[in-house]
Amino acid sequence: MSYSRDPNIPGLTHHTTAYKPSPTRLQTLDIWLPSQQISSTPGVWIIYVHGGAWRDPTQDSLCAVPTLRALADKHADLFQRSGERRIAGIASLNYRLSPYPNHPTDPSAPEDEDRNVTHPRHVEDVRDAITYLLGEYKVECWIGVGHSCGATLLLQLPLICTEEDTKIRETQWGMVLLAGIYDIPTFLAEHTPPHCPENIARIYVDIVAGALGEDDSVYRKLSPFWVPKGALWGRRVVLGHSKEDELVEPKQGDVMFRRYNADGWVRDPFDGVAKGEKVIDVRELTMGHDEVWENGVQVADLIAEVVAKVDL
């Protein structure tokens, strides 16, 4: 499925900026703001983290464009209403990538500092981008949106953030997590023979080793499913997955839901939840792995759903 990468969206102004003082070319943000700021209330920021198996050079911050177009078309009121439950801005970030020397059209070069990193460099870039937004735009409430490894990175923030980063946790209200990789050992086990051919299994091993290192003994502690108790941030999370996903099994979403549930998060009943309770919900999506974000409509609907629940 092809998608528009044109960042110019009616009703929104767009610009690109670096989030580090001495940035590499991938330490940048694309930012969209409502053209007419009609409210003095701070509103909610959406922070989008793209996927691409930590290494795909064809996926970047502009992967958010289809979702933003759908938001602007279907949920324009979220940019216009004068109350608190509105979107004050959207940021989609780039981060440094892991090596991909055999990419068919854009192989990584050994000397490229943007395409030869391993954990924790990806998630450090996510942290630094959010820190920049909190300071530059005085963000008081944000919702993270992550696809595939982008969802993984959002959930890995507690693993690297320190007391200096407390505001990241305090201002994170919720997340929309799409086709995420949450239990890395299980992810690899699901892609070994006889589940898949040996050549496909090798690709998955290369992806994970390139991103997290070749020492598979660390994969469990780097998995969101296995983070310490209390390290699941926010107040409302939606896990989305499609049965048509050909790259990441819905089982990943199932195990992450169980983890949230084990930490005391509750499903959203029809009559609402008690004040202070943390809510985890699951949504079944349609379309293939990348088609979900390339189309963007379902992602936009989930964002609108979570924004509507914000209680600042």
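Glycine too: its Cβ is placed from the backbone N, Cα and C atoms.
Automatic prediction, not curation, is the source of TrEMBL annotations.
Among the ranges 1-20, 21-40, the stretch that TrEMBL annotates as region 'Disordered' is 1-20.
Across the range of the motif 'HGGXW' (50-54), the DSSP-based residue counts are 0 helix, 0 strand, 5 coil. Rounded to a whole number, the C-alpha distance linking His289 (active site) with Asp245 (active site) is 5 angstrom. Asp245 (active site) sits 11 Å from Ser148 (active site, nucleophile), taking the Cα positions as reference.
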